[in-house]
């Protein structure tokens, strides 16, 4: 049931991204998928009070629905990578859209909280995970020069959908109840299938066919003599088939490529991202309760999250544009480190905010820094591992982040219950984010100094997979061996055409009676003398 190479997550050879065209449609699909994946687990929280009344459970019990969704989104990363590498991005996204929709539709018919965990939590969470990761992979294959901007625009889907899905959920709850709201939300998630359908893989087959046809046409034009032209074409095709036969074992398909752990940059990124996630999501989760404890009214406290979302919408595309500048993009890892440092210092400085004005200022700066982190996190990973290994890398990174998501916010909540002090929590969360920023910046600087001679995967896409470099070296070695066996100086395509052209001139001279054969030599005739391979073998036999 496997797809051909162009349909798979790991392309057989680097393809030049179009940086536009159909890529803008892919970008819009990624924008929608990112919005659903990150905003939907938060948007379903508007139904929690009704669920508590119907099922007679507490708030912590209903909160597990969102937690399970996020755990599935992060924890199933390796499973998504395996499926993408085996079947391709488009089929996986179509299946994911159907699962996400089916989960919410089935949740509208549940009778207890456990069934909600299995439907809205596990099934919908798995469906969104099967959409989120392939969409980022396709975005990386369609954009190269404009990839930072594309990542920033796609990441903006999270705040846009969060600001729209929450009010929509409240309206649906008031008019149709939580069951009708879940049913309509399930219908909205079918749009993920539409986004998956537009994820058209870059076609390699047409390019290969056009190249082969062009080679045959050039050979026929340069070799007008019937028998020898066919012989030259068959020789060229035979040489190509022989090379392909030798190249095939090198392109073994890996369902999950663990060789990325040998990349120092990937290890540094993974460790810093784990530390980052421990404290990144804590402030927005505790912000509303923190504001209420300081005496801020409920409506104004809830408005603080809207401020963060509004600033975040503009911060992500703007940061993507800055990261795409020629003098910034080679140092995008340091820009990511700066954004994390900015976010951590914002948390620390806002720990003592005691009035509504101070909290509003915190929300503005937190929205800017949070948007910068969201726009750069996957761009840095693509730059480190390359587009060919990105499908495996993002799956493993999301799995590691899943543990941090399950550790960070719950631990912060327990500390709040024990200490009854939000100030300590903000200091702790900010310190974790600052630590991750310093680790990424210092470790990246040390590794870059050690490996200055190593080419960057971004500047040399083939270095990510390593296949093209090895194949080029094997082609050169094969050409040298072939030339030594036949006593010819070279066997490249261009030289073969030149030799064939001179052969045609030599035969024409023979037909005019100007020459009677090959000039005499010492047993080896060069290509300039116009002798073909058969004549050379006969001279060697004497």
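The backbone N, Cα and C atoms fix where each Cβ goes, glycine too.
Annotation source TrEMBL lists transmembrane segment at 21-40, 63-84, 91-110, 116-137, 181-202, 266-291, 303-325, 332-353, 359-378, 390-412, 424-448. Annotation comment: TrEMBL describes 23-448 as domain 'Major facilitator superfamily (MFS) profile'. According to TrEMBL, the feature region 'Disordered' maps to 228-248, 456-542. Per TrEMBL, the feature compositional bias 'Acidic residues' maps to 468-478. What TrEMBL lists as compositional bias 'Basic and acidic residues' is 503-513.
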Hey, which bits of the same chain come close to the transmembrane segment (21-40), Cβ under 8 Å, at least six residues off its ends?
69, 73, 93, 100, 124, 128-129, 131-132, 135-136, 138-139, 142-143, 150, 153-162, 165-166, 185, 189, 191-192, 194-196, 198-200
Counting only CB pairs under 8 A, let me know which of 63-84, 116-137, 181-202, 332-353, 424-448 has the most with the transmembrane segment (390-412).
63-84
Overall pLDDT of the domain 'Major facilitator superfamily (MFS) profile' (23-448), taken as the mean:
83
